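Feature annotation from Swiss-Prot assigns region 'Disordered' to 971-996. According to Swiss-Prot, the feature repeat 'WD 1' maps to 73-114. The feature repeat 'WD 2' is assigned by Swiss-Prot to 118-164. Per Swiss-Prot, the feature repeat 'WD 3' maps to 168-211. According to Swiss-Prot, the repeat 'WD 4' annotation covers 219-258. Positions annotated as repeat 'WD 5' by Swiss-Prot: 282-319. The repeat 'WD 6' feature in Swiss-Prot is assigned to 399-438. Annotated repeat 'WD 7' per Swiss-Prot: 445-485, in sequence order. Among the features that Swiss-Prot reports, repeat 'WD 8' is placed at 494-533, with the record citing sequence analysis. Look at Swiss-Prot and you will find 547-593 tagged as repeat 'WD 9', backed by sequence analysis. The repeat 'WD 10' feature in Swiss-Prot is assigned to 615-658; the stated evidence is sequence analysis. If you look up Swiss-Prot, you'll see 719-759 marked as repeat 'WD 11', on the strength of sequence analysis.
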Amino acid sequence: MYQQEEYEVNNEGQEDVSKINALNLKWTLGFNFQLTDGVHNLTNEKRKEIFYPVAHTGVIYDYENNTQRLLQGHCNRITATAYCKFSDIIVTADCGPDSMLVVWDASTGIPKKTIFEPHPNGCQALDISQDGQFIVTLSKEANTDTDVQSLSLWEWNKDDEPCLITNEFDRRIKDYQYFVRFNSDDNTEFATTGKTRIVFWRREGEQKGFNYYSPGNIPSLKVLTQTVFIPDNTQVVTGTTDGHIIVWDISLIIEKVDTPKERRAIKLVDLMNKSKKPDGKKGSNSINILKIQDNYLVIGSSNGSIRFYDFQYRIIAWFEDAIIGSISNISFANTPMIEDNEDEDGFDDERKDKGENEPKFICPDFIVVDLDATITMLNYKLFEELDDEKKKGTTLMKSIVSPIIAMSCRPNSNVIGICCENGYLYEWNFQEKSSVLSILRVFDTDKENIPNCIDYSPDGNWLSVATKSGKIHIFDCKEKQWQNSVLEVSENEQGKPKVNMQVFSSDSKNLATMDADYAVSLFTIDHRQFDVNIPEKEWQFVGKHRIHHSEIKSIAFGESKNENDKKYYRLFSIGADMKMVEYEVLEIDYSKQKEKGQQINYIDRLKLKSIYPIEQETIPTACIWYPINMYKEDVLLTVNEEFKIKLWQFMKDNFKFCKKTCLGPIYGGAINKLLILNQNDAQNDYQDKYLAYSTKEKVVGIIKLPLEGNPNQTMGLIAHPDKITSISCSNDGKHFFSSGSDDYCVNVWSVNVQALEQIFATNPNEDPYPKLLEGGEDGQTHQDLKNFFYYSQIRSKDEHTTKARKLDGKVPLIAIPDMMRSMGYYPTNKEIENMQNEIRFSKYLDPGEQVEELDLNMFLKLFVNHRPVQGIGKSKIAESLNTLTKSLSDSAKEIAEQAKGQSVQPKTYNIDGIGEISLQDLKKILTTEGERMTNEEFDECLKILCGENEDQIPQQINVNNLCEDILGFEDLEGEERDDNIEDQYEDEENEEYDQD
């Protein structure tokens, strides 16, 4: 147990710029196709580029040269973007903690302005004025039903305070606003749109607020989408989900004196429910997108139609032959349009002959983005094109359309595999960087055959796809065909457990899986039907064990050598039950098949070897076979939820112990995935190596091996804004890959080994460990640590003697527990054993001796690496106490049911609903379970904590008296109170609201 006030965990995942240079983002696959108005056409006379957001990164993509410029800086997913053609600037914003609003130079990709926390929770939507001077932002609220939105106007290029006005919405509006748009003729006016209401805003002079009003005469049952201002006109148009537009105009009726002119709905026009051409697209016709391009109102619909109308709402042109899904954006190039005098086919002459005096339809090239993750380029001439194939336009990008489940890089190639929730399995060449993915297979999601993890074998010959229904599909990468027989981890037809992880052995001949039923299974490639006379080989099931009684967190193969120096494989699993299970992988000698009377068990090749508890208070999260093997050791590396990395040594006599415990990276949460970064050098026992890791969300990083407990030998950065599903790397370690989930993104990173070494290089004259203490090297904690160590030296030399003592700067290992407790860290007996073994066997395998003493530096390393990162607080004690009371309650009910045949609910909660336990029950638990105390030790501790007076000892123990009266903890965890209680309005849905 360890109570600590000031030691904090850095969950930001942010490192120095030099550390980020060690992992450079080189390419990002995918884009946020669901973000309305998120993609912009940057094409002009000098460039052919588009901008789109990917997770928390902006991308300027040159579709002519297939290159990317990456705009990095956001730590949350980008939720709003805008582009100003006049100023050639891009605006991006995100929502979440540490949100930002960034203005980028579109020609260079360099940020021109960064505004931190434009709103407390970031931006829902934004727009930029026609001249690029002003930005308007809508806040994103955590609870869209109860929280009040705000709207801000920014003059972003001001050197001082850029925010001009911030205004909260009137609670009576009762409609969350999703969209905002400037009036292109007047940058003091803009409109916001929700599902049922539109609000018009105007800034008057330099006053500190807005005039706004929300018209109430919206046609019933209309769900609104977007709003645009008609140029050189007072009319405004709002789209609806049923294919209509609502036309707003200045009201001619003055309702009361001094009421400003306000827009009212003057008509409802059906634009999309009737096709304007015989073979037009049918189906749902929601108006998703409204744009103004020159003299046209442009509409993009949910059925993939693009239509151009004049400002009398008469159709001029339509594009309905391209294979386009529900549209999320339309964006036009910034190129001057010069109408040809005559087409190649003489079309203009034909128009004149027919007496058509209307100007010919013309517009810049434009891109269309749909919800099928496709970006299509269209040209205005396609409207009059007769060839159906040519009318489909040019596909610039066809990307990932479903959340990513898993990703893996194929060794000895430039291909990565990606599987998604919709059952699609893709392959993508990261050297060619194609904008269109290659589909390897589509799994039938109706049969719950959705892939859950994919992995290539180390030799690159096999691809294993494990599904949520317990099936394993094997793909032969050389022959380009799937194995006919499908492997299964369970024969029970009623419930097929989901395969959560799979791993190949280093020789690519064994495949191990762990599933949701807490079982570990083994498959191997062997002769069909295990008949040596059949030359064909296939993957087959050869063993299974269900040892864990809780979720398995990770599995790993290890390599060892027997007495004959022959290599064999062992398999390890770690689980939420805090246990490590070791299995031996048996090999079959087919020469015995011919021996008379010899019976061979071809199936049972996974032999249970040992079960060992590796944690007491925290859950292990990942494991990997330790690749550093200078002394021919067998070592497994594990990590846990408390940010600790442990090395477990396996001796020849099946003896195992914790060789070392190190503080791991503490940014971004606990590590849940590990891999060797430079796998080509994995067999080199002496070369420095690197472990790549990922946390459950946001952070990936690198750990330098061998582990020394040096905090300078780890780095991490924000790779994704949310969940990370997979990490992988190329065999040479030069490319590292990470995949998100519903950000539809795979990031390709280049690894700079030289930069890594510069990062991890430690000044020999600088001790990094004191910096991990509160106050650093000159702080009180470091001084206390030295004082307690020196006092331990005196005690070890007999503190009561009057003779001169000769201190040699070392203390015996038996002094470790008292020194740790004096520093406020109360280790368990097992933790004490681990610390003593770490010192005792630190030199054992080199000269063959055991170390029985430690110096000050050793003690400092032990303390910073073993103590809990987060101290024990009242909430954690309450959680533990509730666990005990629940356990007692369940036990009492079970006893009562057995004795009387009925359930009895024992009293384990007081009148305030706080879990409590009697003093006698607490004593029984502490003296009979876990690391047991004796009765005398319990009584002695209670007297020390509560005093000699037995009346001061409470007979019922709850979290309050245990923490405050017995343990003397300070209440460091303040409770949050919401004192901001505002009145609620209950107004009619169509009531109008004004503010002057």
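Quick reminder: no glycine exception, Cβ is built from N, Cα and C everywhere.
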**OP:** Report yes or no: does the repeat 'WD 1' (73-114) come within contact of the repeat 'WD 11' (719-759), defined as 3 or more CB pairs under 8 Å with a sequence separation of 6 or more?
**Re:** yes
Original post:
Mind checking which residues reach the repeat 'WD 6' (399-438)? Cβ under 8 Å, same chain, six or more beyond either end.
Top reply: 27, 29-31, 33, 63, 66, 371-374, 444-445, 449-460, 463, 465, 477, 679, 725-726, 728-731, 735, 737, 739-742, 744-746, 748
**OP:** Count up the helix, strand and coil residues in the repeat 'WD 9' (547-593) according to DSSP, in that order.
**Re:** 4 helix, 26 strand, 17 coil
Original post:
How many helix, strand and coil residues does the repeat 'WD 8' (494-533) contain under DSSP?
Top reply: 3 helix, 20 strand, 17 coil
**OP:** On the DSSP side of things, how many residues of the repeat 'WD 3' (168-211) fall into helix, strand and coil, could you say?
**Re:** 3 helix, 25 strand, 16 coil
Subject >> DSSP helix/strand/coil residue counts for the repeat 'WD 2' (118-164) >> reply: 0 helix, 21 strand, 26 coil
Original post:
Taking every residue in the repeat 'WD 11' (719-759), what is their average pLDDT?
Top reply: 92
